[in-house]
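Feature list, courtesy of Swiss-Prot:
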- C81-C158: disulfide bond (DISULFID)
- N171: N-linked glycosylation site (CARBOHYD)
- K267: N6-(retinylidene)lysine (MOD_RES)
- 1-7: topological domain 'Extracellular' (TOPO_DOM)
- 33-44: topological domain 'Cytoplasmic' (TOPO_DOM)
- 68-81: topological domain 'Extracellular' (TOPO_DOM)
- 105-123: topological domain 'Cytoplasmic' (TOPO_DOM)
- 145-173: topological domain 'Extracellular' (TOPO_DOM)
- 196-223: topological domain 'Cytoplasmic' (TOPO_DOM)
- 246-257: topological domain 'Extracellular' (TOPO_DOM)
- 280-289: topological domain 'Cytoplasmic' (TOPO_DOM)
- 8-32: transmembrane segment (TRANSMEM)
- 45-67: transmembrane segment (TRANSMEM)
- 82-104: transmembrane segment (TRANSMEM)
- 124-144: transmembrane segment (TRANSMEM)
- 174-195: transmembrane segment (TRANSMEM)
- 224-245: transmembrane segment (TRANSMEM)
- 258-279: transmembrane segment (TRANSMEM)
Amino acid sequence: YLVNPAGYAALGAYMFLLILIGFPVNFLTLYVTLEHKKLRTPLNYILLNLAVADLFMVLGGFTTTMYTSMHGYFVLGRLGCNLEGFFATLGGEIALWSLVVLAIERWIVGLKPIRNFRFTEDHAIMGLAFSWVMALSCAVPPLAGWLRYIPEGIQGSCGVDYYTRAEGFNNESFVIYMFTVHFLIPLSVIFFCYGRLLCAVKEAAAAQQESETTQRAEKEVSRMVVIMVIGFLVCWLPYASVAWWIFCNQGSDFGPIFMTLPSFFAKRPAIYNPMIYICMNKQFRHCMI
């Protein structure tokens, strides 16, 4: 054991709680939306993609972590580590790129840079395809030999190898690629879109260019997406910051808990994403009831 056995028990209980809550609420989000035709809007396709990403994390990652925590180390070998690391990375990246698509959609709706443009089902499908391609371009390379997945922290789960410069894996180039293409760029796009959108909302409110009902509806949707983005940052920034510090300070002395805490803190989006959607979408709540 790298830590007191009680720590593994606490981790297993935490993962069980995430599974107990995360699976039903994400499955409910998918079921209710697919069951009610009026909920099958282009915007909701992207929100459904978030639910699918969360289910990948719950079924492919959380269950594995709970099982290994019961043994006190990662007992599933190289194949199990690759699968767990792949599903966790894929789910997180699908969620991030879905938020990018939502931010662009909100920017187009709010600022109307393209006159007479409507966000249609075809655009939503292209957005879904884009989020999956980008997520796979981050999650697949470690399986193909560009970097690798290894047990991290207290060895309860697997993640990207920020810790070593193992020969033959080109860890440095992949970590730089991952942080640039799959973290800094999407966050920059999100901040740009919402920064511009905030200015546009203020200008529209001052000029009263749209009806009060339309403004209220657009503000509610934008508020929901912004809260999802903030929640994503709160959960993932600590993990990204610690991972980057470890990568830049390899050889430094740090304990297993140092990486474990932000790693498992980052798993909470699987719960709060559907919660935000359910709590802030009146139409969905009415269909659910």
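Glycine is treated like the rest: Cβ placed from N, Cα and C.
In the displayed structure, how are the listed features positioned relative to their neighbours?
Look at C81 (disulfide bond): DSSP puts it in a helix.
Counted within 10 Å of its Cβ, the other Cβ atoms near N171 (N-linked glycosylation site) come to 22, all protein chains included.
The Cβ neighbour count for K267 (N6-(retinylidene)lysine), using a 10 Å radius and every protein chain shown, is 24.
With a threshold of 8 Å between CB atoms, the same-chain residues lying at least 6 positions outside the topological domain 'Cytoplasmic' (33-44) that come near it are 102, 105, 119-121, 123-124, 221, 283-284, 287.
Non-local neighbours of the topological domain 'Extracellular' (68-81) in the same chain are 1-2, 5, 8-9, 11-12, 15, 149-151, 155-158; each lies 6+ residues outside the stretch with a CB under 8 Å from one of its CB atoms.
Secondary structure of the topological domain 'Cytoplasmic' (105-123) per DSSP (helix as H, G, I; strand as E, B; remaining residues coil): 10 helix, 0 strand, 9 coil.
For the topological domain 'Extracellular' (145-173), the model gives a mean pLDDT of 83.
Within the chain carrying the topological domain 'Extracellular' (246-257), a Cβ under 8 angstroms from the stretch's Cβ atoms is held by residues 2-3, 7, 153-155, 162-165, 175, all 6 or more beyond its ends.
For the transmembrane segment (45-67), the list of distant contacts is 11-12, 15-16, 18-19, 22-23, 26-27, 29-30, 33-34, 75-76, 80, 83-84, 86-88, 90-92, 94-95, 98-99, 101-102, 105, 121, 124-125, 127-128, 131, 135, 156-157, 228, 264, 267, 269-271, 273-274, 277: same-chain residues at least six beyond its ends, Cβ to Cβ under 8 Å.
For the transmembrane segment (124-144), same-chain residues at least 6 beyond its ends with a Cβ under 8 Å from one of its own Cβ atoms are 42-43, 45-46, 49, 53, 82, 85-86, 89-90, 93-94, 96-98, 100-101, 104-105, 160-161, 174, 178, 181-182.
Under 8 Å from some Cβ of the transmembrane segment (174-195) lie the Cβ atoms of residues 93, 96-97, 99-100, 103-104, 106-107, 134, 137-138, 141-142, 146-147, 160, 162, 222, 226, 229, 233, 240, 244, 247, all in the same chain and six or more residues away from its ends.
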For the transmembrane segment (8-32), give me same-chain residues lying six or more residues beyond its boundaries with a C-beta closer than 8 angstroms to one of its C-beta atoms, as numbers and ranges.
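Beyond its ends, the transmembrane segment (8-32) has Cβ neighbours at 1, 39, 47-48, 51-52, 54-55, 57-59, 62-63, 65-66, 69-70, 72, 154, 156, 260, 264, 267-268, 270-271, 273-275, 277-278, 284, 287-288.
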Reduce the DSSP letter at C158 (disulfide bond) to three states and note it down.
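Strand, per DSSP.
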Inside 10 Å of the Cβ of C158 (disulfide bond), count up the other Cβ atoms and send me the figure.
30
Please count the residues of the topological domain 'Extracellular' (246-257) that DSSP assigns to helix (H, G, I), strand (E, B) and coil.
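For that range the per-state counts are 5 helix, 0 strand, 7 coil.
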Cα-Cα, whole number of Å: K267 (N6-(retinylidene)lysine) versus N171 (N-linked glycosylation site)?
24
For N171 (N-linked glycosylation site) and C81 (disulfide bond), what Cα-Cα distance in Å is obtained after rounding to a whole number?
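Distance between the two Cα atoms comes out at 17 Å.
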